[in-house]
């Protein structure tokens, strides 16, 4: 199964989700994208340090979401606005959900951009729990 995580800039949330998921579900293929990513921009300093501290792989650089990404089996966005933007731009593909929605949780993953390392750590921990739920759903 090929799964793509999507956020705004592909420097904070979606790269952390990709890294966590790769570790928890190594038999699947994961990637991350940003709707407004600047291709080649490095992952945020706080995201990178948290991944390193947790001995997780660090995605290399930001990549913009494109029409080719619709070929993934599943596209999981960090927020409702990301989901709506993809649906509106690409004629409502059926494989797009918010991460929370897909694992039957309320809410969305907040953007820590510009926040403290503690803000990023909070999101990292939230993503860990959500991806545990994703793992349980996929392995059913």
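Just so you know, glycine gets a Cβ as well, placed from its N, Cα and C.
All annotation found in TrEMBL is predicted automatically rather than curated by experts.
Taken from TrEMBL as is:
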{"type": "DOMAIN", "residues": "1-137", "note": "domain 'Phosphotyrosine protein phosphatase I'"}
{"type": "ACT_SITE", "residues": "7", "note": "active site, nucleophile"}
{"type": "ACT_SITE", "residues": "13", "note": "active site, nucleophile"}
{"type": "ACT_SITE", "residues": "111", "note": "active site, proton donor"}
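Feature map: annotations from TrEMBL on the structure.
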residue: 7; record: active site, nucleophile; DSSP (3 states): strand
residue: 13; record: active site, nucleophile; DSSP (3 states): helix
residue: 111; record: active site, proton donor; DSSP (3 states): coil
Other CB atoms within 10 A, centred on the residue listed as 'active site, proton donor': 16
Which listed residue (7, 13) has most other Cβ within 10 Å, given these are active-site residues: 13
Secondary structure content, the domain 'Phosphotyrosine protein phosphatase I' (1-137) (per DSSP, counts of residues): 61 helix, 22 strand, 54 coil
